[in-house]
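Encoded as structure tokens, the structure appears first; notes follow it.
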Amino acid sequence: MTTSSYFLLVALGLLLYVCQSSFGSPHTSDSGTTLVRRRLCGSELVTYLGELCLGNRKRRGFPSMLKARAKRNEAFLLQRDGRGIVEDCCYNDCTDEKLKEYCHTLQG
């Protein structure tokens with residue numbers, strides 16, 4: 001094995017380790033339910049938030065309304081404890097429970 005292929009193998013191993021630790025296993029809450037932490041940005045964040053706020057109900061036009069708000073930057077100005085949804089769930093990973101805290105702002 002040459003030095004360059006050994007270096008490549010070590011670099012790949014480190015990359016896999018970093019990815020696994022960044023996106024590792026879901027956390028468990030005190031109640032025993034699994035908390036999936038994820039990072040969502042842009043239209044993916046808007047779409048997921050719309051689906052989460054509606055639950056299983058399908059209301060026509062709601063996701064497109066959210067996308068229109070996102071284009072005007074209103075959806076990203078939502079504040080919770082002095083922080084916005086982008087800081088909470090795009091720059092950092094967050095749970096569905098944290099995302100649900102923004103539902104009342106969008107629907108109200």
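Backbone N, Cα and C define each Cβ position, glycine as well.
Source: prediction; values computed, not measured.
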**Message:** Among C89, C90, which cysteine does Swiss-Prot link to C94 through a disulfide?
**Reply:** C89
**Asked** Cα distance, E44 (4-carboxyglutamate) to C89 (disulfide bond), nearest Å?
**Response** 11
